[in-house]
Amino acid sequence: MFLLCNERNIETFCAKLQTFARETPRCNVIGFELHTRREICFFEGAMIIGSADRPSSSWIRSSNAMILVAIVTIFVVRLATLGTLAVTDNTEARHAEIGWHMYRTGNWVTPTFYLRGQLKPFSGKPPLSFWMTAAAYQVFGVSEWAARLPSWLLGGAIVLMTVLFGRRFWSAQVGLLAGLVLASSGLFFVLSGACILDMALAATVCLAMISFAFFVADDANSLGWGRTFFFALGLGCLAKGPVSVVLVGIALMGWLALTRQWKVLKRLPWGSGTAIAIAVAAPWYALAEQANPGFLRYFLINEHILRYLKHDYGDRYGGGHTQPYGASWVMLVIAFLPWTPLLVRFAIESWRGRRNAAAQPRDLWLMYAIVWGVTPAVFFTLCRQILVTYVVPGFAGLALAVAVVLVRWLQSAEKAALLKLLRVSTVGSTFLLLVAFIGQLIYPVSPVEFLGFLAAASLCFAAAWFGHQQNDGMILSSAVGMGIPLFMTMALSSGSTLINDAYSTKTIVARVAGLTEARGWPIVLPMGDENSANFYVEACHDGQIVRHTDRGASCVLERVEQSPQEILVFKRKHWRSLNPEVRHGLYPVTETGHWVAFSTQNPSSPAPSVAYNDDEQARQ
């Protein structure tokens, strides 16, 4: 028996089918499947096919093409601007420096960096990201662009895995939309062009979660996916340590508990899988302990357990990043912009409809994505020593959840309200782009950068206009997805001079490069180490930094008394804090907004005067 239905609302159509099945004798629903243009219900002895007025295949293809163009645009813009900003102190510059030491020395076991004037092992993190950075230096040379390239590649891999997950469990449209949501979420976009370890952790967590889902759903290749799952866990231990296993474990246990799918654990290849995970991670841990006795105890106890339990803990690499309890949720809300409003709306509607939830068929994989997405925030709720980057491993799950509910809302009675929200968001992102262009007129960028931004912004404006004219939520989503990353990139590009001077030594090092390179004068940072100085002086300019263990005034007096030919670099605020007698004996060389440079001997060439903003003048 066949029943045709011209119902526009998918949910209403499905409800009518269920009602028909209940009211029809000897007709019990035993299966249900959703296709692109039709709903199919299988009954005992009959099949009912109903047209729900789904979008045409040509419309879906055009929307998918626009979403794909938006994703590619975002990643091309990010790739082209990887070298716009200097590596910033301290975290990013430290990681870039560690990769440089690996590349320079060929020591791939022990990450090293300069700490208090001495080259020390860095026992805070595993080496996967450092290996990738060193490899990038080897292929492309030492630069900011090469230092950040691994994060860009990892970001692309995460987006690709997210697209494949969405396509496998829902549709190609859901997969592409999830990729767009992920690529354009604020913090993910920033980190996909930063020399930082969190992208490696996010990639391994994503691989583990996707492998487990495919293992559960794919009977034919379940063994292969199960082993890939354990491989991802081992790789995660090389990315950021056991925290990767903890995050994956919490997410999976939460989902299994909610869905009562515990039996799938018995199917996992525990023997061969565990062997694979150990084979991937254990060799480096063994070699690191052999080369640095006590490493395992420090890494596992101090850097994981104590940092989680004690909010002010910090011994070797600085103090803790103390935040209030529950700050991870605030960070999640901010970091996932501009898509957070959709998450909030979905959470509110789910809460309001919780009483009817038991009567509705559950989407197990939507639940999987949600649990995956919130796990980092849940895990760090009771931890006060956290950074905003800690919530990124859940972003792929959140992007999938947003994509699923967005597609459903656009095919339901919620479409009008959602289109209104998307139009407002599109207007907002367009306004931000106009502000960014005004900023580029005030703080000009290179003609090539400007033309590239203009082309990308024109594409964004065209998508916004076309989506508005066609009343197309998917294309409007593409415009929103392109607009925010473009605004962020243009703003950072216009402000690169100010940012580089405020958060890095790149500008001041470039100013004194003439003396350090032509005359061989080394650089001294009397007030303490700046990792960016190590990177720019030695890695990029082939200069030399004089290492010292003293700090502050005693170091300055020692350099003046010995009177070697050196360049002393200070942050302006540190220079002002020195007593006049300590300043005496130094000759001004150059300055920037946040930095001043002096020499211990009078340079033969005329030097610019330095503004001190006080009555004390340097000796001429």
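Every residue gets a Cβ built from N, Cα and C, even glycine.
Owing to the predicted nature of the structure, the values given are computational and were not obtained by experimental measurement.
Residues annotated as domain 'Glycosyltransferase RgtA/B/C/D-like' in TrEMBL: 125-284.
What TrEMBL lists as region 'Disordered' is 599-620.
Taken from TrEMBL, the feature transmembrane segment applies to 65-87 (among others).
For the transmembrane segment (176-192), the residues of the chain that approach it from at least six positions outside its boundaries are 64, 67-68, 70-71, 74-75, 78, 151-152, 154-156, 158-160, 162-163, 165-167, 198-199, 334-339, 388-389, 391-392, 395-396, 398-400, 402-404, 406-407, 474, 477-478, 480-482, 484-485, 488, judged by C-beta separation under 8 angstroms. As annotated by TrEMBL, transmembrane segment applies to 176-192 (among others).
Outside the transmembrane segment (199-217) by six or more residues, the chain places 128-129, 132, 150-151, 154-155, 157-158, 161-162, 164-165, 168-169, 191-192, 225-226, 228-229, 231-233, 235-236, 239-240, 243-244, 247-248, 251-252, 261, 264, 267-268, 365, 368, 372, 392-393, 395-397 with a CB less than 8 A from a CB of the stretch. The feature transmembrane segment is assigned by TrEMBL to 199-217 (among others).
Taken from TrEMBL, the feature transmembrane segment covers 229-256 (among others).
TrEMBL lists 268-287 (among others) with the feature transmembrane segment.
Per TrEMBL, the feature transmembrane segment maps to 326-344 (among others).
Taken from TrEMBL, the feature transmembrane segment covers 365-382 (among others). Within the same chain, residues 169-170, 209, 213, 246-247, 250-251, 254-255, 258-259, 325-326, 328-329, 331-332, 390-401, 404-405 sit at least 6 positions outside the transmembrane segment (365-382) and bring their C-beta atoms closer than 8 Å to a C-beta of that stretch.
Here TrEMBL flags 388-409 (among others) as transmembrane segment.
Positions annotated as transmembrane segment by TrEMBL: 421-442 (among others).
What TrEMBL lists as transmembrane segment is 448-466 (among others).
Residues or ranges marked as transmembrane segment by TrEMBL: 473-492 (among others).
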Checklist entry - What same-chain residues lie close to the transmembrane segment (229-256): Cβ under 8 Å, and 6 or more beyond its ends? => result 125-129, 197-198, 200-201, 203-205, 207-209, 211-212, 215, 262, 264-265, 268-269, 272-274, 276-281, 284-285, 299-300, 303-304, 367-368, 371-372, 375-376, 378-379, 393, 397
Checklist entry - If you average the pLDDT over the domain 'Glycosyltransferase RgtA/B/C/D-like' (125-284), what number do you get? => result 93
